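What TrEMBL records for 15-112, 155-194, 205-244, 245-342 is domain 'SRCR'. Sequence annotations record features per position, and here TrEMBL assigns disulfide bond to Cys83-Cys93, Cys166-Cys176, Cys313-Cys323.
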Amino acid sequence: MITVVESLNPTHGDLRILEGLQENKGRLEIFYNDTWGTVCDDSFDNIDALVACRQLGYCSGFVIRSPFVLDGNGTIWMDDLQCNGTENRLINCIYQDSHNCGHHEDVGIDCDIACPQTGDLRLTESVSGNDGRLEIYINGSWTGTVIRASLIYDGSGTIWLNNLDCDGSESKLINCKHNYLYCAHYNDVGIQCFLNNPSEDHGNLRLIGGRNENEGRLEINLYGEWGTICDDLFDNIDSSMACQLRIIDGAQEHEGRLEIYLNGAWGTVCDDYFDDIDATVACYDLGYCSGQVVSSNLIVDGLGTIWIDDLTCSGIEVRLNTCKYTSNSNCRPSEDVGVRCSAACPTAGKFILKLFSKICKCIQQFLLNKKGRITT
């Protein structure tokens with residue numbers, strides 16, 4: 001750790017950091033004309049902050065602004081500061097010693113105690129402390145490369161990462177796929193990080209304002225707060241995920257135990273009266289074209305509540321929860337039903353063929369376009 005001690009006998013151009021939560025962050029002040037005063041934040045950017053932090057003995061740093069900087073007092077000595085990054089003292093940068101600023105514009109800096117390593121990340125130009133422009137440290141410098149651009153100050157310097165593609169397993173952003181193709185600073189990305197762990201309801205869904213319990217406005221809980229979902233690009237496959245069915249514990253992703261999400265929990269479907277017509281409705285609900293019942297001795301018993309019993313579909317339904325069923329079950333987990341879904345059209349001789357054979361080819365093409373594959 002680098003310890004920075006303010007000089008007891010400051011000289012012209014010396015710097016100090018005051019009134020921050022830590023000694024390395026707070027309001028920036030400069031000793032000028034034998035008096036300590038502040039620096040206006042007009043035109044002050046991260047290159048200027050880098051020069052100031054280096055002068056103070058740190059490796060690097062970034063700018064912070066009101067409301068995260070306490071107002072100073074006395075003279076505002078510098079305005080419209082412009083450093084090129086090579087200066088060893090802030091006073092060697094270009095600046096105006098006359099100003100049109102108030103102390104609510106006093107600039108602050110946040111200096112890095114530990115020297116950054118290639119691939120390190122930071123947030124700058126934060127509004128709430130956990131959001132801002134995302135910057136990455138590469139080749140000895142920080143540069144700004146999700147909050148949309150309209151809410152983010154444009155960065156400066158090189159844009160190191162473009163067309164970023166992470167799969168979620170990486171421990172550092174630099175390990176994700178990326179390239180260095182041209183990108184402008186108005187496309188600098190920002191992110192908002194959540195400071196709290198997800199609540200027990202995190203990711204849960206609910207329906208509000210409908211005539212029945214199985215319809216209404218769709219809401220999702222994220223980090224303890226319920227909110228709505230925009231309908232842009234929202235389609236029936238997304239709807240099937242929301243009113244959730246899933247197939248799990250099977251040898252392949254398109255076959256296994258059928259489960260439904262009701263009342264905030266996943267549960268199973270009893271195999272009483274469940275036939276291939278019911279299986280096809282369930283599979284269509286999941287985005288496939290047809291389905292078959294899987295023998296119970298090939299299904300791994302589920303856990304939790306058995307939500308549906310005595311299911312009877314006519315074959316014209318497109319959602320499983322619109323079929324007739326009872327929610328009072330007399331079944332055991334050994335009676336959990338399984339399905340095997342397919343992209344193939346339903347076979348002849350079934351009532352369901354009347355509906356699905358007409359649209360099967362359209363569904364197949366849609367699945368190819370949306371998911372890039374079809375499971376048969």
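Keep in mind that glycine also has a Cβ here, set from the backbone N, Cα and C atoms.
Those TrEMBL annotations? Automatic predictions, nothing curated.
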Proximal residue to Cys323 (disulfide bond) among disulfide-bonded residues Cys83, Cys93, Cys166, Cys176 (C-alpha distance): Cys166
Close in space, distant in sequence - Cys313 (disulfide bond), Cβ under 8 Å, 6 or more apart: Ile277, Asp278, Val281, Leu320, Cys323, Lys324
Secondary structure composition of the domain 'SRCR' (15-112) [DSSP: H/G/I, E/B, coil]: 16 helix, 41 strand, 41 coil
Distance [Cα-Cα, Å, rounded] between Cys93 (disulfide bond) and Cys176 (disulfide bond): 37
Those residues of the chain, 6+ apart, with a Cβ under 8 Å from that of Cys83 (disulfide bond): Ile47, Asp48, Leu50, Val51, Leu90, Cys93, Ile94
Summary of DSSP states over the domain 'SRCR' (245-342), given as helix, strand and coil counts: 19 helix, 39 strand, 40 coil
Count of other CB atoms lying within 10 Å of the CB belonging to Cys323 (disulfide bond): 19
